[in-house]
Amino acid sequence: MTNLKKRERAKTNASLISMVQRFSDITIMFGGLWFICEVSGLPFLYMHLLVALITLVVFQMLGGMTDFYRSWRGVKISTELTLLLQNWTLSLIFSAGLVAFNNDFDNRLATWLAWYALSSLGLVLCRSFIRFGAGWLRNRGYNIRRVAVAGDLPAGQALLDSFRHEPWLGFEVVGVYHDPKPGGVSADWVGNFEQLIDDAKASLIHNVYIAMSMSDGAMVKKLVRELADTTCSVILIPDVFTFTILHSRVEEMSGVPVVPLYDTPLSGINRLLKRVEDIVLASLILLLISPVLCCIALAVKLSSPGPVIFRQTRYGMDGMPIKVWKFRSMRVMENDNVVTQATQKRSPRDKGR
């Protein structure tokens, strides 16, 4: 059997789980809308089927854009469920916008909210069941992946320790491979790099995590080149102690892989969702605390002469200037240890009134 065929066979279990996830998503979305129509006494018409299809297509497109149907082994379930609800929410909003002015579809808000709530519950429960079911099987020896670390970075040892403490992930620890050093070797040491390559070629290891410092670049290249001729999945653990890249992600610029050290925290779908969330939540919060704000404004006005609020320039996303309204009593970064009150119309804090 060629290495390519072996690699494809190793991905069978992940593909099977992905198929189950896709089928469950389709069933829950269609079934959720049908159930709401049945309970509400509404006939399940062609328009309902069309809306469900549109929602499903958008959901699958978002799944491809966010790599949603990948293997989630070793990733927190909260991360998976958050992305699941995010994609489902955006899909439903898109569909609702398309049929908002179509009189052939029941556009009552209660129908949309009920469908959203019921399907959200079903998606979360089903995805949790799949995750814990797979973990239960792995905990009993099914679909086990034998893993090893190449190198002696602390991050590699920490990864192996986490695999031992979480057997439901389905990882069996082989050990750590690296060339012996004068200071000795760790308790998990099982051999040098030549032994690692031999074990990998003998199909004794499924995943190899390379945990080596940037100064060992030549050895890393050699290992990657040698392991490319095996059935192992090779994963690089970045040297997070050289740069602050613990929360960075790998991107590609003109075919060259790059790792942003400092970047805009939100982009794409996440940025759109955050913007909608900011507007909705800010409006609701302002409405709720408006009586308190009025009381504060009255207290500021009675305490001393001058304007109640002032406007200052701040910088938001992408360095764009934004206008921020503040009560006169508030401190700002430019104040240092001196607070200048805007009690006169020409006060430096009385900007843009």
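Including glycine, each Cβ sits where the backbone N, Cα and C put it.
Quick caveat, the model's predicted, so the values are computed rather than measured.
Of the listed segments 12-36, 212-236, TrEMBL assigns transmembrane segment to 12-36. Ranked by the number of CB pairs under 8 Å to the transmembrane segment (12-36), the listed stretches 42-62, 83-101, 113-130, 279-300 are led by 113-130. Residues 17, 20-21, 24-25, 28-29, 31-33, 35-36, 40, 77, 80-81, 84-85, 88-89, 92 of the same chain, all 6+ positions outside the transmembrane segment (113-130), place their C-beta atoms under 8 angstroms from a C-beta of that stretch.
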